[in-house]
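Over in TrEMBL, the protein carries these features:
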- B:84, B:95, B:191: Zn(2+) 1 binding site (BINDING)
- B:95, B:130, B:383: Zn(2+) 2 binding site (BINDING)
- B:212-313: domain 'Peptidase M20 dimerisation' (DOMAIN)
């Protein structure tokens, strides 16, 4: 049994494993996409644990799930601790789930130890943070922060053709509460780093002071389907070749830019997709990120200029569609300082850092002073079954969270 | 009504349209893959026309469909005229079907005019020439020529997981005849050029003297799935990027080679195929062709060397699988000369040429003296709904075929 200054690490780790077992396919791979049956089972598990911890459970119209521990000051806005439990395809068990379950553990410890908070403490699991099935990503927190209407969110069409609204109703998580009803006084998100910096430097806690801007586009290139054996090279309009040129251009561009810009082409599709037919169409996505808005715009402009040149040189038709665009975010300086102080008070090494990934905190920063706490990711690996954080680091992060929440809630 | 020296062009063109209507999807696109329901309906139509023309219909164990007009010399090996009626995805109506239906038209005219052939004339529609669903391509004629066992052919697993054997049985075209039973004294194949040469030069008939060698490989590149936002560029093992580098390498290589080598990457797949995940795996096909075996080997070697270098430089794992490999083919000089003479006798301009595409004649050349006749393709377009040959050229090609067949069959 932990002391009143600690969390129950065994319980937290056990819940991470239990939630991580939900959504395994026949091959053992974890895929818990938003609105899926696996998402329903994960939500059932988490909301059950919330009730067990004595939290009041609420679900809003876009499926955001909240569990609140009441404080003595009924009029005070709550401190909110959140993240998400949807996953990418073939995912690890920590991304998102760690933040939700650590928040739940902190609330449960406060309830068990009779800490007597002044402000309420709300634990949030936001819908569709990953954006793999429904776009945009960070959908639930974006709606909560007023950046997207409930109607638009529910009408979002998934990669499988289903709408989010239908899927939430189907799995029983289309709630009645209007999104944004719970207005936090501060928002904290604890997360695995998903990158290699903390491990590489041997630092235990990251106090996240800003977050990269994100630009997602879908690019479609159209050429001519034609016979692979009889069409002379000079007469081809090969959409697949043009797409490959864009992929290598993006790498060359970021290699040459001497900036932290990253570019990724994660999806690619050729049509008609036959061995002996020159592709008439190639469709792919481009993910560009940079902590600096001007540099992010410059990368977008360089891509647009390259696509123009490619259309002229290869005789192909190029169109682009914006899938998501979020400016870089600067987190609340006061909260970042509290995180540093809490880490120091527990004897944990700490550094300020940038979040390379998008997180719900990015959206919540529009509503309330926000910041994030990172713990090391072994090998920097995430969005991968090999995603791993040492148990001691998971517990340490949750205890820093507990200390900052205790200060913010008061009482 | 045509004279005895001509074919019934209206009947031939009408059958091309009728067969071209079989296998249209809801969007109007023609896709008649081997062993599909559409293939069954196409086979029903063609075998019905064969019977109507007085031909004896036989089907072998791999679904090759034959219609024979008996000759007066019962002991003589037949002259065979063949091609295929399966199609690529979103195909035109001429590729393959023209050769089968023109052969049928020639046989029917001989029957109608009481030409009294000495040798039998067999019209063949070979199974799965395109190789889009089941590999290798030219499967039916390869089995007929003894290059692949019946067991291996029937066990071929399609892109949809079905086996050819099951599909042939399902559609009622798993025949009893042992493949290769019909041993031709000569093989002729009439086909649209599927390339731009005849049209560009204003020539009506191509006497095809050789055929490009074909090398098909599947390449799989494995890297690490990782988060697109947090993984520094220098730490990535991006399988999608490596695949794109191969695509651009192949184009650079053939551009620099000063040879007729062509290279095509027609299929491409990324895994896990998510916007914000670096691809852990890219799978694609490479189609290399050259009329010269040494140059084809050199292109394969250049690709292999590049893949080795890529594995070292990008830290990815590369594996290749051979899907098909056919040496270039030299057709029978005597038959090629007969085609030139027949064209000249009808006042049709003619040139010798290389086939850029693979054809069943490539397999049949292992068994019997073989050659091909080409007619112009408008715009050089094939494997595309815009595939088109002028009716006058379709009729001219069929009449050249008729004259060569009449000479070969004698009587």
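Backbone N, Cα and C atoms are what each Cβ position is placed from, and that goes for glycine too.
Using a 10 Å Cα-Cα cut-off around residue B:383 (Zn(2+) 2 binding site), the binding-site residues B:84, B:95, B:191 reduce to B:95. Residue B:130 (Zn(2+) 2 binding site) and residue B:84 (Zn(2+) 1 binding site) are 9 Å apart (CA-CA, integer value). A distance of 14 Å separates the Cα atom of residue B:191 (Zn(2+) 1 binding site) from that of residue B:130 (Zn(2+) 2 binding site). If you take the C-beta of residue B:95 (Zn(2+) 1 binding site) and look for same-chain residues 6 or more apart in sequence within under 8 angstroms, you find B:87, B:88, B:191, B:192, B:194, B:382, B:383, B:387. Long-range neighbours of residue B:130 (Zn(2+) 2 binding site) (same chain, six or more residues apart, CB within less than 8 Å of its CB): B:33, B:34, B:84, B:86, B:87, B:88, B:96, B:137. Surrounding the centroid of the Cβ atoms of B:84, B:95, B:191, where the record places Zn(2+) 1, the chain contributes additional residues within 8 Å, namely B:83, B:94, B:96, B:97, B:98, B:99, B:129, B:192, B:359. For residue B:383 (Zn(2+) 2 binding site), other Cβ atoms within 10 Å of its Cβ number 30. For the domain 'Peptidase M20 dimerisation' (B:212-313), the DSSP-based tally of helix, strand and coil residues reads 42 helix, 31 strand, 29 coil.
Cβ contacts within 10 Å of residue B:84 (Zn(2+) 1 binding site), excluding its own Cβ and spanning all protein chains shown: 29. Across the domain 'Peptidase M20 dimerisation' (B:212-313), mean pLDDT in this model comes to 95. Residue density at residue B:191 (Zn(2+) 1 binding site): 28 other Cβ atoms are found within 10 A of its Cβ, drawing on all protein chains shown.
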